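> Here it is, the structure in full.
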Amino acid sequence: MESPNHTDVDPSVFFLLGIPGLEQFHLWLSLPVCGLGTATIVGNITILVVVATEPVLHKPVYLFLCMLSTIDLAASVSTVPKLLAIFWCGAGHISASACLAQMFFIHAFCMMESTVLLAMAFDRYVAICHPLRYATILTDTIIAHIGVAAVVRGSLLMLPCPFLIGRLNFCQSHVILHTYCEHMAVVKLACGDTRPNRVYGLTAALLVIGVDLFCIGLSYALSAQAVLRLSSHEARSKALGTCGSHVCVILISYTPALFSFFTHRFGHHVPVHIHILLANVYLLLPPALNPVVYGVKTKQIRKRVVRVFQSGQGMGIKASE
């Protein structure tokens, strides 16, 4: 295992310690990390392939799902390889530039995902409350604009963070008590005035999470109100089932993120390893569960996946004959 000692004298290198106090369990913790990472890759690639090859799924809700899967894959690539290197080999050394890049991409992807979840909530609102105008409101052009807006919004909101970090001096330890270059974990190492970093990080996070959650909640409240007015029990059950899968994804995505966000800033009595475990949960769990939730709830995706496996088994039987 590598030693972080030389990071005290080399200002261009940081050392990601992992989970303080649980170093002896790093190897065991790598098992769920590896499992979630594998599930993320397999599940989200499956979603992308199924939607791409099934013309009936070329609809706004599934295009938004593809955006979500793409973001989840990119976020996983930004975190899981380094996390496993830390847990398996203690390879926590990371250059300052790589640390800033990881920080930017991780937080930007989280904000992009929040934007896509908001778009999916709006999609359900239009489908349920304005079904006759659905095709005219959510056109291919509008969907493309929403995708671009998600990328631009996440990138622009996070762009100042690397520059705000770059102006700081790290005159003491360069050992980051975390598994990845989380903004506040790096800021805590700096000596000097870190108020601009703290204020900007808090403002950006609350702006995105606060606005998005309010709009998502409003969309689903209006959708639920419209669903309960439906006279057909079958239509009501179908609409509630679709919205239910979306609400599950919202809860999976935002609950650990909010808990981690507020305990990291205000829960000073909470042990450090709890902060870091929660931060890893909200990065690793949603990307792995999103495909499962949508795959189970969406009949078209489920049928397509079963068909692919059945055709694969059929080819295997023919080959053996």
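Every residue gets a Cβ built from N, Cα and C, even glycine.
The model shown is predicted, which means the values in this text are computed figures rather than measured ones.
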> Tell me if the membrane topology in Swiss-Prot places Cys171 and Ala52 on the same side.
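For Ala52 and Cys171, the topology recorded in Swiss-Prot gives opposite membrane sides.
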> Calculate the per-residue pLDDT averaged over the topological domain 'Cytoplasmic' (297-315) and state the result as an integer.
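When the pLDDT values over the topological domain 'Cytoplasmic' (297-315) are averaged, the result is 69.
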> Whose Cβ, among the disulfide-bonded residues Cys99, Cys191, has more other Cβ atoms within 10 Å than any of the rest?
Cys99
> Count the residues of the topological domain 'Extracellular' (163-198) that DSSP assigns to helix (H, G, I), to strand (E, B) and to coil, and report the three numbers in that order.
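Secondary-structure composition of the topological domain 'Extracellular' (163-198): 13 helix, 4 strand, 19 coil.
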> Quick one: do the transmembrane segment (28-48) and the transmembrane segment (199-219) have at least 3 Cβ pairs under 8 Å, skipping pairs fewer than 6 apart in sequence?
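Not in contact, no.
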> Going by DSSP assignments with H, G and I as helix and E and B as strand, what are the residue counts for the topological domain 'Cytoplasmic' (123-141)?
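For the topological domain 'Cytoplasmic' (123-141), the helix, strand and coil counts are 16 helix, 0 strand, 3 coil.
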